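Engineer: Copying in the features that Swiss-Prot gives for the protein in this structure:
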- 47: active site (ACT_SITE)
- 93: active site, proton acceptor (ACT_SITE)
- 50, 89, 488, 525: ATP binding site (BINDING)
- 91, 526: Mg(2+) 1 binding site (BINDING)
- 92, 93, 94, 95, 114, 238, 310, 311, 312, 528: substrate binding site (BINDING)
- 115, 266: Mg(2+) 2 binding site (BINDING)
C-alpha cells in the first residue's frame with residue numbers, strides 16, 4: 001500500500017503541533033514514515049505522555065510505609081498485612097463514551113480491569129464515577145442509558161462486583177460526559193508483576209485476542225477537543241468482549257504461576273506501540289517487532305494500523321525463553337492467541353519490521369521518558385464573590401426539592417443494572433457511603449469510595465481539591481475503615497487556556513495537601529484533558545478513588561437505625577451555603593465560595609469516629625445537602641421516621657466539612673458526648689429517628705411520600 005505523503009494537514013490530523021513536528025525532525029534527522037508519524041502522535045499525546053501535567057503530578061505525595069508500588073505502573077499496590085496487597089487504579093474513558101456510549105464505557109471497564117490483573121491481582125471490586133449534561137439535553141438520555149448498559153454489560157459478564165460510584169448532571173457536561181472507571185484486586189505482596197523489560201534477546205510475546213482496526217487513533221482522539229466532526233471519530237472507539245477478557249485474566253494469572261513472566265503490560269491506549277515502548281523504556285532496553293507475526297482478525301492490515309490499533313483484551317509480555325512451551329500451553333488451553341512478535345535488544349531503538357521492510361526505526365527513549373514536557377502558563381482562579389443573601393425556606397420543601405433532583409435522588413436505577421454481589425464477598429452494596437468487600441479467607445475487609453464536588457473545584461480549585469480527598473476520607477471512616485491510599489482521575493478542559501491550567505494547578509495543590517495531612521498517598525491515576533466542545537469546558541472534576549482497610553468485619557459501622565435512636569452531628573456546623581446543593585436546586589444559583597476544609601479537624605473527627613465505633617449504630621458523612629439530606633437518607637434506608645430540631649436553613653442544609661451524622665441509643669449518645677468532651681471534638685444532638693414522618697421543626701411530611709420521590713426522581717429523568 002502506498003503510504004500518504006507527510007503534509008501539514010496530516011501532521012495536524014495526528015494532533016501534533018508544528019513545533020512538535022520540528023522536534024521529531026531534529027530527533028530523527030529526516031522526514032518520518034507514516035508509521036513513525038503515527039507512533040510519535042500516539043506516544044506524545046496527552047493521554048500517553050502527560051506532557052501538560054507531569055510537572056504538577058510530581059508534587060503529589062506518593063509514598064508511605066503502606067505503599068509497595070506508587071504511580072508509574074499499571075496500577076498502585078498497597079500493603080494490607082498478612083502478605084497481601086490491594087492493587088487499584090481509576091482511569092477515564094470520557095471521549096470514547098461520548099462518541100459511542102455503550103462500547104466506550106464497556107471498554108473503559110475492561111481496560112481498568114486489565115490494569116489490575118496485569119499486576120498479578122485478581123479483581124474483587126469496581127466502581128464508576130459518571131458525569132452527564134442536564135437531563136433535558138437531547139443527548140443525555142442516550143448517553144446515560146448507553147454508558148450504564150455498557151458498564152453493566154461488561155462488568156457483569158466478567159464477574160466483578162460494582163460496589164459504589166457517583167452520578168451527576170450539570171449543563172457543563174452537555175458536550176462531554178465523563179466516565180471514570182475504578183477497579184481493585186487482591187494479590188500476594190511478594191508476587192507483584194511489573195512492566196519493565198529485562199534481558200537482551202528475550203522474546204516479546206503477544207497474548208489474548210486478535211488485532212483489528214477498531215480503536216486506531218483512539219489515544220490521539222482522547223487528547224483533543226470535540227467539534228462538529230465528532231461523528232467521524234466513531235471508528236476510533238474500541239469494541240469489547242468481556243468473555244474474552246475473563247479468559248485472558250484466568251490465563252494470565254495461571255501463566256504467572258509458571259515463573260515464565262519477566263515483565264508484562266496490557267495493551268491499552270496506543271495499543272502495541274505504547275505497551276512495547278513502556279516495557280523497553282522502563283527496562284533501559286530497545287524493542288524489535290516483526291508485525292507479520294501479530295495475530296490479525298482483518299485482512300491486509302498495515303503496519304500503521306497494527307501499531308495503533310486499540311483492539312481490546314490484549315497483553316504484551318517479555319518471556320523466559322526456556323518456558324515458552326509451558327506458557328504457550330496455558331494460552332492455548334484458554335483458546336487465546338500466543339505469538340512471539342519480537343525481542344528485546346540492547347540498543348535504545350524501536351525497530352518495526354513488516355515482511356522484511358523497515359516501517360519504523362526510532363530512538364525508543366525519545367518516545368517515552370524524554371518526550372516533550374510543558375510548563376503551561378496558568379493564572380490563579382479569582383476568589384469567589386461573597387455569597388449573596390439566601391432566604392429562609394420551609395425545610396421540607398427544601399428537602400423535597402433535593403430528593404426530586406436526579407443529582408440527589410436514589411441511584412437504584414443505575415446500580416440495580418450492575419451485579420453487586422458476584423464473588424459473594426460484598427459486605428455492603430451501593431446506596432449510602434462506601435462499598436465494602438470481604439478479603440476472602442480472612443477476617444479483613446476493604447472499603448471503597450469515589451468522591452468529588454465539581455462546583456467546589458470551579459469556585460475554589462484548591463479547597464475543592466482538598467474537599468474531594470477529605471470526603472473520601474470521611475466516607476471510608478463512616479463505615480469504620482482506616483483510609484489507606486488514593487487514586488486520582490483528573491478531568492479538566494483545555495490546558496492551553498491559562499484559566500483551565502490554573503484550575504488544574506489549584507486542584508493538585510489541594511489534593512496534595514489533603515493526601516499528605518490524612519496519610520492517603522496517591523498511588524495511581526489518570527489525567528484527562530481537553531474535555532471541551534466548541535470551546536466550552538466541563539466543570540473541573542478531579543475524581544478521587546480511595547481504599548480503606550478494616551482489620552475485621554466486626555469493625556464495620558452499620559446502618560442499623562432503629563426507632564428511638566438519637567441523631568448526633570460530629571463536627572462544627574457554621575452553616576456554609578456557598579456552592580451548596582440547596583442553592584443550586586432550590587434557587588438555581590451557583591455562587592459563593594467552596595466550604596473551607598480544615599484538615600486537622602478532618603483527621604481529629606475521623607479518628608474520633610473510628611475510636612468510638614462501638615457506640616455508633618449508623619454513620620454517614622455530611623456532604624451535599626447537609627444535615628437534612630443525610631438524615632433523610634439514613635431514615636429512608638432503615639424505614640424509620642425522622643424528627644430534626646428546628647434550625648435555620650443554613651444549619652439544616654449547609655455543607656460545612658469534617659462532619660458526620662451518627663445514630664445511637666440514648667446511653668450511647670451520652671457516652672459519645674462524654675468522649676467528645678475529653679478529645680476536643682464537637683458533638684451536637686440534632687433530633688431522633690422515630691415514627692413514620694419526617695419532621696423538621698414545625699414542618700412535616702410522610703416518610704413514605706418523600707421516599708417515593710427519592711426513589712423515582714433518577715429514573716424519571718433518564719429512563
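The backbone N, Cα and C atoms fix where each Cβ goes, and this holds for glycine too.
Mind running through what each feature is packed against?
Structural biologist: When secondary structure is read from DSSP and collapsed to three states, residue 47 (active site) falls in the helix class.
A C-beta separation below 8 Å, combined with a sequence spacing of at least six in one chain, links residue 93 (active site, proton acceptor) to 104, 105, 107, 108, 111, 179, 181.
In the three-state DSSP classification, residue 89 (ATP binding site) falls within a strand.
Residue 91 (Mg(2+) 1 binding site) counts 26 other C-beta atoms within 10 Å of its own C-beta, drawing on all protein chains shown.
Its Cβ placed at the centre, residue 94 (substrate binding site) has 24 other Cβ atoms within 10 Å.
Packing around residue 115 (Mg(2+) 2 binding site) is summarised by its Cβ count: 28 other Cβ atoms lie within 10 angstroms of its Cβ, all protein chains included.
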Engineer: Taking only same-chain residues 6+ apart in sequence, whose CB is under 8 Å from that of residue 312 (substrate binding site), what do you get?
Structural biologist: 107, 110, 111, 209, 214, 215, 238, 239, 240, 241, 244, 245
Engineer: What kind of secondary structure is residue 115 (Mg(2+) 2 binding site) part of, going by DSSP in three states?
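Structural biologist: Residue 115 (Mg(2+) 2 binding site) sits in a helix per DSSP.
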Engineer: Between the Cα atoms of residue 89 (ATP binding site) and residue 266 (Mg(2+) 2 binding site), what distance do you get, rounded to the nearest Å?
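Structural biologist: Between the alpha carbons of residue 89 (ATP binding site) and residue 266 (Mg(2+) 2 binding site) there are 14 Å.
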Engineer: Nearest to residue 525 (ATP binding site) by Cα distance: which of the recorded positions 47, 91, 114 is it?
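Structural biologist: Considering only the listed recorded positions, the nearest one is 91.
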Engineer: Please identify, among the binding-site residues 50, 94, 115, 310, 488, the one with the smallest Cα-Cα distance to residue 526 (Mg(2+) 1 binding site).
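Structural biologist: Result: the closest of the binding-site residues to residue 526 (Mg(2+) 1 binding site) is 488.
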Engineer: Please report the number of other Cβ atoms within 10 Å of the Cβ of residue 92 (substrate binding site).
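Structural biologist: Result for residue 92 (substrate binding site): 28 neighbouring Cβ atoms inside 10 Å.
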Engineer: Long-range same-chain neighbours of residue 488 (ATP binding site), Cβ under 8 Å, sequence gap at least 6?
Structural biologist: 60, 90, 511, 522, 525, 526, 542, 543, 544, 545
Engineer: Just to be sure I understand: of 47, 91, 114, 310, which recorded positions have a C-alpha no more than 10 angstroms from the C-alpha of residue 266 (Mg(2+) 2 binding site)?
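Structural biologist: Passing the 10 Å Cα cut: 114.
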Engineer: Of the recorded positions 47, 50, 115, which one sits closest to residue 94 (substrate binding site) when you measure Cα to Cα?
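Structural biologist: Nearest in space to residue 94 (substrate binding site), counting only the recorded positions, is 47.
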